[in-house]
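J.: Dropping the structure in here first, questions after.
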Amino acid sequence: MSDTPQSEPRRSDDRSGADDATAAAAGSTDAAAAAVSSKTGGIAGPPGGPGEVDGDEPAVARTVGESDEQLQDAWTDYEFDGDAKVSVSDLDTYYGEERALESVSLDIPAESVTALIGPSGCGKSTFLRCLNRMNDRIRGARVEGRVALDDRDVYGDGVNLVELRRQVGMVFQEPNPFPKSIRDNISYGPRKHGDLETGLLARLLGRDDRDAERDLVERALRRAALWDEVNDRLGDNALGLSGGQQQRLCIARCLAVDPDVILMDEPASALDPVATAKIEDLIEELAEEYTVVVVTHNMQQAARISDQTAVFLTGGRLAEYDATDAIFQNPQSQRVEDYVAGKFG
């Protein structure tokens, strides 16, 4: 096994990322630490515990002098108040015979932002896609272990994938609005689920209103901080929006089906700094109501927006999971310290 990231596995239907959208719709350590300090008032995280990270696979980057024995145990005993919204136990994921994730276990708290960081090819996007079974769409993908949403195994018998992806929405790296009007982008998901036709939407909104679609569109766009910018051109093609507006539209499209969890795979990596700041502000606002899980290569961004951070290292193993301030100010393994310091990645 080499450190070179594997090529992207092909989807089972060889379709583009737009089809994933359709399915989903139905730094430096100093800068990162500064962001944490600003967010937490300069308070360091909890004192560390025993914790050298796992990862005795040859492909896993390690600090000179660390032995296999020292790399046995990951520091992932992160404790938080309340129940887990998502609970992952002993998760292994394969593409054909190649293992992409190995023995990953962690609990994700509700109404918070969890960041997933690590070098390219470490498995963080694979992990994200396991949470709503988007990996089912990739040829040869196989998942072992347990992923529970509100204590129900999403890989168990009788799981309705359409309903699962409604509960666990996804926003992708590249903005991918449908080539339809802004209005139709928002109403696509509820129409697909039959909400507009059955009156479920009106009940969700707490009102019996014939203008349910209009209310839905406005509500979703307001939640995504986009309404004031587009309310006078809802009939325009969404492809005419700026990149940042398109990404917020995709977030609004996700919100329109009333999810519990929102997955974001590098949602700001293709955007300029101004648009990125708007997305970051939006993520923090969404966490007041939703459980948000974000993959990012930008460690400063992870430090700014997240409550807890999971660090994956090459080989698909979880190296460390803790409160974000602890990860950046007091990491429990040398490898994680080296990674957040930019010594490899």
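Just so you know, the numbers here start at 1 and follow the chain as drawn.
For all residues, glycine too, the Cβ spot is worked out from N, Cα and C.
Not measured: the values here are computed from a predicted model.
Grabbed the feature section from Swiss-Prot, which reads as follows:
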REGION    1-57  region 'Disordered'
COMPBIAS  8-18  compositional bias 'Basic and acidic residues'
COMPBIAS  19-35  compositional bias 'Low complexity'
COMPBIAS  42-52  compositional bias 'Gly residues'
DOMAIN    86-340  domain 'ABC transporter'
BINDING   GLY118, PRO119, SER120, GLY121, CYS122, GLY123, LYS124, SER125  ATP binding site
J.: Counting other Cβ atoms within 10 Å of each Cβ, which of the binding-site residues GLY118, PRO119, GLY121, GLY123 scores lowest?
T.: PRO119
J.: Around CYS122 (ATP binding site), which residues of its chain at least 6 apart sit with Cβ under 8 Å of its Cβ?
T.: PHE312, LEU313, THR314, GLY315, GLY316
J.: Counting other Cβ atoms within 10 Å, pick out the least crowded of the binding-site residues SER120, SER125.
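T.: Candidates: the binding-site residues SER120, SER125. Fewest Cβ atoms within 10 Å: SER120.
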J.: Kindly assign SER125 (ATP binding site) to one of the three DSSP-derived states: helix, strand or coil.
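T.: Going by the DSSP assignment, SER125 (ATP binding site) falls within a helical segment, counted as helix.
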J.: Determine, from DSSP, whether PRO119 (ATP binding site) sits in helix, strand or coil.
T.: coil
J.: Across the domain 'ABC transporter' (86-340), what does the mean pLDDT come to, as a whole number?
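T.: Value for the domain 'ABC transporter' (86-340), mean pLDDT as a whole number: 91.
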